[in-house]
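Trainee: Once you've had a glance at the structure underneath, I'll fire off some questions.
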Amino acid sequence: MSFSASVLTLYPEMFPGALGLSLAGRALVSGTWSLEAIQIRDFASDRHRTVDDTPAGGGAGMVMRADVLASAIDHASPEGDPRPRLLMSPRGKPLTQARVRELAAGPGVVIVCGRFEGVDQRVIDARVLEEVSVGDFILSGGEPAALVLLDAVVRLLPGVMGNAVSGDEESFENGVLEHPHYTRPQEFEGRQIPEVLTSGNHKNIAAWRRRESERLTRERRPDLLAAQPLVK
Ligand code: SAH
């Protein structure tokens, strides 16, 4: 059974977008995963196909209507659909590699992309949407966030990455950032590849990489080390 993604959006033309190329694109063609982009506007009931309205209580911008979005969700994900329902949202839980792994191990995802000021809270509650953020900044819509999430998930699906080992050593997989990389030429603008890496001594290479990885994590992301269990 392949991983199935349904994306609810006002801009279905944004999909598969970047996911139609490279590894994800090939996996899409080969059927490792499938993607359906659903136009939310098709579920509007009035003549003007209205999907948003002014915020209750006043203020700037528009809010996506609960009723229209609920109809779209019920169409994409009828009762009994085992896939988690996500809402891309800056107020959500920040996406982590651990959550990405969980999603990749599951049957797929239903993703709601917000626009304007966001969506009416009642549809979030009534359809039990899990709010997911891709970072502490504001995008103009949930679509780029959905592409980011799907890219991270799809590369983990069986057979998508050529060299399966590279997935486990990546930044965040072991709670640390990855060590720096080097390749030919041996000298670049007077800078050499660190000697240990060309020594052929695999034990020393592994030790160097571990040290560099810890150093970078300490310098750049001490929060990751603080989250580590004490004994490993
Ligand atoms: N008024 C909202 C921001 C709305 S941005 C607020 O201040 O919280 C419009 C839409 O873009 C959101 O509904 C959401 O779907 C998407 N979006 C914006 N930033 C995002 C982020 N960091 N992560 C995930 N989705 C985001």
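The backbone N, Cα and C atoms fix where each Cβ goes, glycine too.
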Trainee: For the S-adenosyl-L-methionine site that TrEMBL assigns to Val134, Gly135, Asp136, Phe137, Ile138, Leu139, which of the candidates Gly114, Gly159 is also assigned?
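Mentor: Candidate in the recorded S-adenosyl-L-methionine site: Gly114.
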Trainee: Looking at 65-85, 191-211, 212-232, which one does TrEMBL call region 'Disordered'?
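Mentor: Among 65-85, 191-211, 212-232, the range TrEMBL annotates as region 'Disordered' is 212-232.
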Trainee: Would you work out the biggest C-alpha to C-alpha distance among Gly114, Val134, Gly135, Asp136, Phe137, Ile138, Leu139, the residues that bind S-adenosyl-L-methionine according to the record, and give it in angstrom as a whole number?
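Mentor: Farthest-apart Cα atoms in Gly114, Val134, Gly135, Asp136, Phe137, Ile138, Leu139 are separated by 16 Å.
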Trainee: Same chain, outside the region 'Disordered' (212-232) by at least 6, Cβ under 8 Å from its Cβ: which residues?
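Mentor: Answer is 172, 175-180.
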Trainee: Look at each of the binding-site residues, Gly114, Gly135, and point out the one with the fewest other Cβ atoms around it within 10 Å.
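Mentor: Each of the binding-site residues Gly114, Gly135 was scored by Cβ atoms within 10 Å; lowest is Gly135.
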Trainee: Go ahead and report the DSSP secondary structure tallies for the compositional bias 'Basic and acidic residues' (212-223): helix first, then strand, then coil.
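Mentor: Across the compositional bias 'Basic and acidic residues' (212-223), the residues distribute as 11 helix, 0 strand, 1 coil.
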Trainee: Fewest other C-beta atoms within 10 angstroms of its own C-beta: which of the binding-site residues Val134, Ile138 fits that?
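Mentor: If we count Cβ atoms within 10 Å for the binding-site residues Val134, Ile138, the smallest count is at Ile138.
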Trainee: Give the sequence-ordered list of residues that share a chain with Phe137 (S-adenosyl-L-methionine binding site), lie 6 or more positions from it, and have CB atoms under 8 Å from its CB.
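Mentor: When sequence neighbours closer than 6 are ignored, Phe137 (S-adenosyl-L-methionine binding site) has Pro90 within Cβ distance under 8 Å.
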